[in-house]
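J.: Quick one: the structure is below, questions incoming.
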């Protein structure tokens, strides 16, 4: 089976709680290798561009404001069925609906401050990875 790549963002709420290491451990235990990573402070322009697909949605401004409220940890994950596997370990968008033991059930506070972002398809993963990383920044593992 070919290995997939997916993008993961540890959002400002989880970065502020100092749970990056715990989340990384979950990725690795699920068979997802971290092949690129960086911590950045998103600008408003970056956040608006990244979440442009949601621009017409009523939550867009709040989402952008939240994503620029503190640093984020961005990583590219590689593994079998990486997109689906990452979404499974993240849990439901609303942490109140997330299965016990998922990242959002354990570390998220609300549907807005929900700890992590993960690509929802291979197509979006490719677009999102290219938004934050140059090809030479991805390491073979």
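Just so you know, glycine gets a Cβ as well, placed from its N, Cα and C.
Feature table excerpt (Swiss-Prot):
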ACT_SITE  117  active site, pros-phosphohistidine intermediate
BINDING   11, 59, 87, 93, 104, 114  ATP binding site
J.: How big is the Cα-to-Cα gap, in Å, between residue 11 (ATP binding site) and the residue listed as 'active site, pros-phosphohistidine intermediate'?
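T.: If we compare the Cα positions of residue 11 (ATP binding site) and the residue listed as 'active site, pros-phosphohistidine intermediate', the gap is 7 Å.
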J.: With every protein chain in view, what's the tally of Cβ atoms within 10 Å of the Cβ of residue 114 (ATP binding site), excluding that atom itself?
T.: 23
J.: Looking at Cβ-Cβ distances, which residues of the chain lie under 8 angstroms from residue 87 (ATP binding site) while being 6 or more apart from it?
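T.: Listed in sequence order: 118, 120.
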J.: Just to confirm: which same-chain residues, 6+ apart in sequence, have a Cβ under 8 Å from the Cβ of residue 93 (ATP binding site)?
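T.: In sequence order, 104, 111, 114 meet the Cβ cut-off.
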